[in-house]
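Taken from Swiss-Prot, the feature Zn(2+) 1 binding site applies to His69, His110, Glu145, supported by sequence analysis. Look at Swiss-Prot and you will find Glu145, Asp179, His214, Glu259 tagged as Zn(2+) 2 binding site. Sequence annotations record features per position, and here Swiss-Prot assigns Zn(2+) 3 binding site to His182, Asp227, His229 based on sequence analysis.
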Amino acid sequence: MLRLGSHVSMSGKKMLLGASEEAASYGSNTFMIYTGAPQNTRRKPIEELNIEAGLEHMKAHDMADIVVHAPYIINIGNSVKPETFELGVNFLQSEIERTRALGAKQIVLHPGAHVGEGADKGIKQIIQGLNEALIHDQDVQIALETMAGKGSECGRTFEELAQIIDGVTHNELLSVTFDTCHTHDAGYDIVNDFDGVLNEFDKIIGIDRLKVLHINDSKNERGAHKDRHANIGFGHIGFDALHYIVHHPQLSNIPKILETPYVGEDKASKKAPYKWEIAMLRNGEFDPDLLNKIQNS
């Protein structure tokens, strides 16, 4: 079954229930959430996440395979500042607990940045951090994300991700999130040769580790190492390639999550594009006037 959804907000009093309601309003049957603001460590206690009501709504609306995203502030690749590394390890452990409580099996993590110390040193630090953070009997996997290679990001090639996975003791607890924008921006030709890229992924990492797909178009040309998401069909990847990936038979059981930009001239009038983009990806017809329609809706 095609599991297609988007990033939604989990906030206010409704928390998980509100996230599921937002996802349902877009015609989604899965979704991704942050457990709080991605740029800080302020979090509500688990008992205030409104989990029971959220799970009931999810069941009634056929929501499944939901995904949690770890916050950006976690950087277990930092070997320069021990306090940043320790914060990352400790906060990752508490995020895993929240993920489990929410009933999710995957928590997406940007592997980390080496902050000028070089990829090898960054990767060693990430391995150390994951070895500290992972508890062997946990039932949540950390889904390491394919990165664009912006700045000092680690995980910009399949080889770098494989290096991290191979170094972690309990690597059965590691999976991978394949982000179409990041992978394109890292230099992989997912537009003309997605099957070739997928075969390469399978040889280097193993397709069985692929557990989450982030479906985003890109504002930049292939290999730009920028990581700037575009709306579906309005970037350098294009609708046909993204539709092909979403409906790829080898990826049929993997949740597909949109993280495309809100549409509008200014912050106050921006609108979520997900209802329209999900419908387009399901029915297979690109609407070149979509952005105007969203703005005028």
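Glycine too: its Cβ is placed from the backbone N, Cα and C atoms.
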Reported as an integer number of Å, what is the Cα distance between Asp179 (Zn(2+) 2 binding site) and His229 (Zn(2+) 3 binding site)?
10
Any further residue of that chain within 8 Å (Cβ to the Cβ centroid of His69, His110, Glu145) of the recorded Zn(2+) 1 site:
Ala70, Tyr72, Val108, Leu109, Ala143, Leu144, Thr177, Asp179
Counting every protein chain present, what is the number of Cβ atoms, excluding its own, within 10 Å of the Cβ of Asp227 (Zn(2+) 3 binding site)?
22
Given the binding-site residues His69, Glu145, His214, Glu259, which lie close to His182 (Zn(2+) 3 binding site), meaning Cα to Cα within 10 A?
Glu145, His214
Indicate whether His69 (Zn(2+) 1 binding site) is helix, strand or coil by DSSP.
strand
Measuring Cα to Cα, how many angstrom lie between Glu145 (Zn(2+) 1 binding site) and His229 (Zn(2+) 3 binding site)?
15
Please list, in sequence order, the residues in the chain of His110 (Zn(2+) 1 binding site) that are at least six apart in sequence and whose C-beta is under 8 Å away from its C-beta.
Ala70, Tyr72, Ile74, Glu145, Met147, Glu153, Gly155
Using the alpha carbons only, what distance in Å do you get between Asp227 (Zn(2+) 3 binding site) and Glu259 (Zn(2+) 2 binding site) once rounded?
12
Sorted by sequence, non-Glu145, Asp179, His214, Glu259 residues with Cβ within 8 Å of centre, Zn(2+) 2:
Val108, Thr146, Thr177, Phe178, Thr180, Cys181, His182, Val212, Leu213, Asn216, Ile257
What whole-number Å value do you get for the CA-CA distance of Glu259 (Zn(2+) 2 binding site) and His229 (Zn(2+) 3 binding site)?
8
Between the binding-site residues Glu145, Asp179, Glu259, where is the Cβ count within 10 Å the lowest?
Glu259
His214 (Zn(2+) 2 binding site) to His69 (Zn(2+) 1 binding site) - Cα separation in whole Å:
11
Cβ-centroid neighbours of Zn(2+) 3 site His182, Asp227, His229, 8 Å, sequence order:
Ala148, Asp179, Cys181, Asp185, Asn216, Ser218, Lys226, Arg228
Cα distance, His69 (Zn(2+) 1 binding site) to His229 (Zn(2+) 3 binding site), nearest Å?
17
